[in-house]
Amino acid sequence: MTVKELFDKSNIIIENLKEYSSKEFLDSQVTSISYNSKEIKSGCLFFAIKGSRIDGHDFIQEAFKNKAIAAVVEKDVGYANIIRVKSTLQALRKIALVFYDYPFKKLFLGSVTGTNGKSTVTWILSHAVNKLLGKSFALGTLGWMHAGKIIKKTTNTTPESKDVCEFLDQAVQLDMKYGFLEVSSHALKLGRLYGIKFDAALFTNLARDHMDFHPSLEDYFETKSSLFTSTYLKENAFVVINTDDIYGIKLYESIKDFRKVSFSLENEKANFFGKFEPVDMGINLLIEDQKIFAPIYGRFNASNLLGAYAFLRMMGIEKDKLRYVFTDLVVPYGRLECVQTKPFKIWIDYAHTPDGLEKVLMSLRDMVKRKVILVFGAGGNRDKGKRSIMGKIAAQLSDYTIITSDNPRYEDPMTIINEIKSGFLSIKNSNFEILSDRREAIKRALEIARNDDAIIIAGKGHEDYQEINGVKYPFSDKEVVKELMRRQF
């Protein structure tokens, strides 16, 4: 498809069209599109997007050096082969749909949103569908996943629409038939899923998060709720909602235009009511007169499993086929992942919100015979209000906590730590210490743990870096644990 054909089919107006209409490059074949000048190759159409920190117009020269056929811009620049539009970001989103030929139409595409549980639910869905129906993938915080393996990492939970379209197109080329996407509130608010429509949507829960981005919890909820509208759902779509969550009830009651079902561990009147039973190697879920086992842990994961089960049933899968499909499920990376069992258990989890931390600690309290030792911090340049709340939760639900650094980003780590500390000081007889070096904090936890204790290292989960002053240094909680355990034992 030529440059001109792309713009015409995308219904994009080129400003000062006459100035460009005679240019030969408009008849050039476009072989790829990108907003990253480093990815440019011959035949690529470059989009100069002005971001919050970086302006793509500053990289036009590099794009042409790498043989871009043209650059799409918002302002006048001193180069040839320039196409000026009102919004390069909007142009990219429209053109991506045309360039990749609306790939969402060639797949069953499911979506999952909520504060916590998105990665686990999409992981479970992809696992089951891959075994029962055909090749499937999950796309989200963990990356682009197929059959429990990472095909490609992503920088955001929900990438930009151009990248989503590219992932979906590649999935189609790999003969995949089903996909499950995590949908973040940032993606919905910023329009990252422009033009993409889903066959189904699932709501996990909603609790305080991203208050640095949303002006209120109500705005956060309204943003999440927008996924469950005709803007993002196909006409015959279905929705699955957790009605154990107060916001889930509110969302369920508001939906009028789509088939909807509820799931619950508490309310027998829900369409899918399940009973949770913890066992040594995982959980049992009693649902539709059958017992389903999965090697995952905690009540919150029972809710995630139940939601996935309801979703799969709505896809038309018979209940008998779901009885044993989860028995070989591998725990998603960094989602209450047990990385050491002797002489004490060590768990790693991505819990970075008050609700997530509370659920993880409560689950461990039900499983652990002795003490629960917590290592955690909080991310910098994010919602500051949650730090003291998380400190208070940690003081109430752990036996001992080592407050440390998470991803401080551009903030002073000790400022963050002291804000967490204030939550501890609000609880009498709280037991904690401070070690800002995360590696040293993990080492300290290993030193004080005894047989049958449990260590939970929270906040970073699957992440393999620690971000400090704009630099991502290699750091994996899991690898640090392995290294220290080899040395200590």
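One-based numbering along the chain as shown.
Cβ from N, Cα, C; glycine included.
Check TrEMBL against the ranges 114-117, 222-225, 318-321, 406-409 and you find motif 'Meso-diaminopimelate recognition motif' recorded for 406-409. The meso-2,6-diaminopimelate site in TrEMBL is built from Asp406, Asn407, Pro408, Arg409, Gly459, Glu463 plus one of Arg382, Arg439, Arg486, Arg487, namely Arg382. Across the fold, the C-alpha of Glu463 (meso-2,6-diaminopimelate binding site) and the C-alpha of Thr120 (ATP binding site) stand 15 Å from each other. Of the candidate recorded positions, Thr115, Gly117, Lys118, Ser119, Lys224, the one lying closest to Arg382 (meso-2,6-diaminopimelate binding site) when CA atoms are compared is Thr115. Nearest to Lys224 (N6-carboxylysine) in space, judged by Cα atoms and limited to the binding-site residues Gly114, Asn116, Thr120, Arg409, Gly459, is Gly114. Counting other C-beta atoms within 10 Å of each candidate's C-beta, the recorded positions Lys118, Lys224, Arg382, Arg409 are led by Lys118.
For Thr115 (ATP binding site), the nearest of the binding-site residues by C-alpha distance turns out to be Gly459; the candidates were Asn407, Pro408, Arg409, Gly459.
Binding-site extent for meso-2,6-diaminopimelate: residues Arg382, Asp406, Asn407, Pro408, Arg409, Gly459, Glu463, maximum pairwise Cα distance 17 Å (rounded to the nearest whole number). Tertiary neighbourhood of the motif 'Meso-diaminopimelate recognition motif' (406-409): same-chain residues 352, 376-382, 416, 438, 459-460, 463, 466-470, selected by CB-CB distance under 8 Å and a gap of 6+ residues from either end. The two recorded residues Asn116 (ATP binding site) and Gly459 (meso-2,6-diaminopimelate binding site) have their Cα atoms spaced 12 Å from each other.
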